[in-house]
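A.B. asks: Submitted below is the structure of interest, expressed as structure tokens.
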Amino acid sequence: MTKDKKHYICSNCGNTSPKWSGQCFDCGVWGSIVEEIVSTNKAIVKTGSKQDFDKLSGHVAEQLRIPTPIGELNRVLGGGLVLGSAILIGGDPGIGKSTLLLQLAASNFASKMNCLYITGEESLDQIKLRAIRLNLTNYNTDILAATNLEDIIASIEANKNNIDLVVIDSIQTITTKELSSPPGTVSQIRICANELVNYAKQNNIIILLSCHVTKDGQLAGPKILEHLVDTVLYFEGDHNNHFRILRSYKNRFGGVGEIGVFEMCGSGLIEVTNPSELFLMKREQNVIGTSIFAGIEGSRPLLMEVQALIVPSNMVTPRRSAVGWDANRLSMILAVLSSRIGLNLANYEVYLSIAGGLKIADPASDLAVAASLISAATGKPVPEHSVFFGEISLSGEIRKTAKAETRIKEAVKLGFNKIICSKLENLTYDFISSVSHLKDLKEIIR
């Protein structure tokens, strides 16, 4: 008879300790220690078997990549799904994870690949009703409602010759009989994910795991979950906005930082093949406090609108708020504007927003942000049909930007005829206005 053991585990890094503490001694995160009851029926095996070595220069098995019918998903994955790979998709509740996975498993992809959709959150009838709403009933995709790990693996094993792709929605609902802890705990997620990923790799099956996120946007469960899989994707978006962005944060078979853009509608997720044009649709010219940033997301050029609002404040410490951009970087740009060109906004509230619910981490967006702030502060719009890109240093100088030619081509394709950026080498166009300092930018917006 086994005896249940109690221990405390960090939900961030998975480190265990015999006593509770307010801070994890391994990763240093506060408030991440939770109590778990662990019961195991496995006997400890101390013997092993000899394994054969291989040479680094030996034969490499071909990694067969299978394109999906969803082009934006192919872009993020690096061209398609790789046999034997494990993919983790995280996102807020209701953002569209299950919709995307069901559209993949029940599309014409199912006519080429044998797909199994396993749900632990819905009944089979609920899945069928959602498939009817999304018009996905023409394809004979297998579905299974199960939450027990051993039952799932046994079901796949019995039909493994007829299964190429398995979708698990979601990993937080799966439990193993080896543990007495409830579903969604760190130990359950770690063991279940590890068993599923190992089984998929041993049998050359593609597995897609849907994952919940915490209130601060992190994947729920131990960090080791992200290390177990080959690819980590985040589904981003605002429930008040119909745009969704699928972004890769880890990819062993492709690039990191690639994005796919979708539009959520009544019939499911629709691909947005030209997001720049969609995000700038019906935009008015000569609007004070707005500018267009020519950005790069992964390998994709993307034009985004930057909006700024400046109002007088009676507070001792005026508010600075940024949506879709780093608030600390906004404070830095405001300090540089005050120090280098005398634009003092100490007694004003400053609000910055990226239109369309997008998030920008590209440092080349500094120049577009500065242009919006100068426009909002002076009451004068930026030049018509202009785009901005360039990183601002603490001295007020505009630094060179990577992939400048790609940004320029995207802007010209969408009808912009004035490019305001840092000085470029080997690129001489009449419509490029090079700026080397914030003083030059201030002269343009006047």
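Yeah, the Cβs are placed from backbone N, Cα and C, and that goes for glycine too.
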A.B. asks: Among 10-27, 46-63, 172-189, where does Swiss-Prot put the label zinc finger?
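C.D. replies: My reading of Swiss-Prot: the zinc finger range is 10-27.
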A.B. asks: Among 235-239, 250-254, find the range that Swiss-Prot records as motif 'RadA KNRFG motif'.
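C.D. replies: That would be 250-254, the stretch labelled motif 'RadA KNRFG motif' in Swiss-Prot.
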A.B. asks: Let me know the DSSP-derived helix, strand or coil state of Gly91 (ATP binding site), please.
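C.D. replies: Strand, per DSSP.
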A.B. asks: Which chain-mates of Gly94 (ATP binding site) that are at least 6 residues away have a CB under 8 A from its CB, listed by sequence?
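C.D. replies: Same-chain residues close to Gly94 (ATP binding site) (Cβ under 8 Å, separated by 6 or more) are His239.
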A.B. asks: Restricting to the same chain and to residues at least six past its boundaries, which positions have a Cβ under 8 Å from a Cβ of the motif 'RadA KNRFG motif' (250-254)?
C.D. replies: 63, 65, 76-79, 82, 85, 226, 229-232
A.B. asks: Using the Cβ centroid of Gly91, Asp92, Pro93, Gly94, Ile95, Gly96, Lys97, Ser98 as the reference point for the ATP site, which residues of the same chain not in that list have Cβ within 8 Å?
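C.D. replies: Sorted by sequence, the hits are Thr99, Phe235.
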A.B. asks: Of these binding-site residues, Gly91, Pro93, Gly96, which scores lowest on Cβ atoms within 10 Å?
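C.D. replies: Checked Gly91, Pro93, Gly96; of these binding-site residues, fewest Cβ neighbours within 10 Å: Pro93.
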A.B. asks: Can you tell me whether DSSP puts Gly96 (ATP binding site) in helix, strand or coil?
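C.D. replies: The three-state answer is coil.
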A.B. asks: Helix, strand, coil residue numbers for the motif 'RadA KNRFG motif' (250-254) per DSSP?
C.D. replies: 0 helix, 2 strand, 3 coil
